[in-house]
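What follows is a short report on a single structure.
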Amino acid sequence: MSLLCHNKGCGQHFDPQTNLPDSCCHHPGVPVFHDALKGWSCCRKRTVDFSEFLNIKGCTVGPHCAEKLPEAPQPEGPATSSSLLEQKPPNTIPKSAETLRRERPKSDLPPKLLPLNISQALEMALEQKELDQEPGAGLDSSLIQTGASCQNPGCDAVYQGSESDATPCTYHPGAPRFHEGMKSWSCCGIQTLDFGVFLAQPGCRVGRHDWGKKLLASCRHDWHQTDSLVVVTVYGQIPLPAFNWVEASQTELHIHIVFDGNRVFQAQVKLWGVVNVEQSSVSLMPSRVEISLVKADPGFWAQLEHPDALAEKSKSGVGLEMDEEESEDSDDDLSWTEEEEEAMGE
């Protein structure tokens, strides 16, 4: 007789006669959802991708369990979805459009850099790219302009002619890491609190200069939302973390993304609603970049951009042509659809 295992993260059918002490790989903890990140309280892995969260492998081995487990008490620490619901005041009435307009912060507030979360699949793709081709290889010197800067992170060399190729390039082949205020490069691990000191860190590898010119690219992009979150997605192959930045204020978004091949996507968006900058973040994956903006007030946005900004862009003939908002009401829209990403992340 085949029974269904109710251990979290398992869900397999098993034969009680062959149920061994190490037959089941599961999560003994509870789901944790905090600042758009999803994970289990029993292990450290976190992701913004809902289907990747569902596929996080169990961290504990034991026998299968055919009985439904009682609900465990919520752990202290990061807020879970249940605890957030408990804290929500009863009968909360959404603010009217007039109230939101009146309470909208001034647009001249300085933007802040959003933290970049680099997926394991992208790290593997960047490592493979580093093995396949050295920076600057195959670039036609006749196309390089005098005064061009080396594009490798950590190198400040300027092209003065063919003799510049003979000088060594000291650079960082890895990606920048920002965690709990500390800043470092994944390739050398020297940590610092000061952003200026981080930028001035000398490279840890010697190679060839990359004089490639970055080209503005027209990338496919769209957005979707839940009651508490707006996700802007820009599609492109192999975003380069060292050159990417996304800034946001409560009402504006500034995007600068560099993909493989020196293709650059840039956009400035005056947001329809107000966001919580401190809780927002950016996730880099092999085939796209997801910008997760946490709404300051729950509710649905009629569109991504503010009507005033759309009117101004319409007059000037310039606009950010976002694909239609796709999501309805679930974080399922954050799921990965590319089979190659799933294979790389395993």
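If you go along the chain as it appears here, the first residue is 1 and each next one adds 1.
Yeah, the Cβs are placed from backbone N, Cα and C, and that goes for glycine too.
Range 173-176 is the one annotated as motif 'SH3-binding', of 165-168, 173-176, 205-208, 285-288 (source: Swiss-Prot). The Zn(2+) 3 site recorded in Swiss-Prot comprises Cys150, Cys155, His209 together with one of Cys169, Cys188, namely Cys169. For the ranges 11-14, 159-162, 211-214, 315-318, the feature annotated in Swiss-Prot as motif 'SH2-binding' maps to 159-162. Listed in chain order, the extra residues whose Cβ falls within 8 Å of the Cβ center of the Zn(2+) 1 site residues Cys5, Cys10, Cys24, His64 are His6, Asn7, Gly11, Gln12, Phe14, Ser23, Cys25, His26, Gly62, Pro63, Cys65. Model confidence over the motif 'SH3-binding' (70-78) stands at 49, taken as the mean pLDDT rounded to a whole number. Around Cys188 (Zn(2+) 4 binding site), taking its Cβ as the centre, 16 other Cβ atoms fall within 10 Å, counting all chains.
Secondary structure counts, DSSP: the motif 'SH3-binding' (28-31) has 0 helix, 1 strand, 3 coil. A distance of 19 Å separates the Cα atom of Cys42 (Zn(2+) 2 binding site) from that of Cys5 (Zn(2+) 1 binding site).
For His64 (Zn(2+) 1 binding site), the count of additional Cβ atoms within 10 Å of its Cβ stands at 21 [all protein chains shown]. With His27 (Zn(2+) 2 binding site) as the anchor, the candidate binding-site residues are Cys10, His172, Cys188, and the one with the nearest CA is Cys10.
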